[in-house]
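One structure is given here, and the rest of the page talks about it.
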Amino acid sequence: MSAESPEERLDAAALIIGDLQNLQRERRRHFLPALLVAVIAVGGGMVMMGLRTDLLHQPWWQLGVQCVLWLLCLIIFPAIGLGLLFPSRGARIGLAASAVGLTLLATLGVPHEHGALFDDPHFGAGCGMMIAIYATMVLLLGLLSGAFIQRRKTSAVYWISAGISLTALTAITWQCPMTGAAHVLPSHLGVAASLMIGTSLIGILVHRRNVAPGSEGDSSGPTLTSSGTQPGSPDSDSQA
């Protein structure tokens, strides 16, 4: 059996690259409309419920951090989860650590001399409910758009779930004027963390049912993702 010629190897590589480029284009076609719907849904809810009156009176750096969180939760995290971006392992660790630190700065700020950091010692049921509503809206959008089954790697689910919970948290940060840790920790951060765990579990369940080999429904043939590609088709997930 003769070895493949260089021309044949180049043709195979070109076919694989072409398949990956088509897959990326298909994912972008799914991502951009979903992003627009998410922005309209969350933004509409924020406008209806009203923004905090001191939103633009926050320290400039804190408002800037909140804008960075919007970028992370609406674009960067979902793009990684969907396979549109493939940062290195170190970059992914840095993104996750930065998101945690920026979230604390965006929601709590820095301690004030008069001790306002520890004001408002109560659980705000209204804030927790709004975070849950925002997260549910974006989660339903992710389920309907097939966001959790676009990649074979289960780790992609966590990036999408982080984007969902961070979106809800950043939204309530622009609505609730309370910055005391006794309020923010349980009513904002605690609820958002719980929702991230919940959305991750839902995402993993959906992912395994639709993508994992041997999952229910595979008996009739390979499972297709919402983009119409087979989970076993060439994918650059190995880079992520």
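The backbone N, Cα and C atoms fix where each Cβ goes, glycine too.
Because TrEMBL annotations are produced automatically, they should be read as predictions rather than curated entries.
Pulled from TrEMBL:
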COMPBIAS  217-240  compositional bias 'Polar residues'
REGION    213-240  region 'Disordered'
TRANSMEM  31-51  transmembrane segment
TRANSMEM  63-86  transmembrane segment
TRANSMEM  93-111  transmembrane segment
TRANSMEM  123-144  transmembrane segment
TRANSMEM  156-175  transmembrane segment
TRANSMEM  187-206  transmembrane segment
Close approaches to the transmembrane segment (156-175) from elsewhere in its chain (Cβ under 8 angstroms; 6 or more beyond its ends): 38, 42, 45-46, 49-52, 55, 66, 69-70, 72-74, 77-78, 80-83, 96, 99, 103, 106-107, 127, 130-135, 138-139, 142, 147-148, 150, 188-189, 192-193, 195-196, 199-200, 203-204, 207, 237, 240
Distal contacts, the transmembrane segment (123-144) - CB-CB under 8 A, six or more residues away: 34, 37-38, 41-42, 45, 49, 160, 163-165, 167-169, 171-172, 175-176, 178, 183, 186-188, 191-192, 195, 199, 202-203, 206
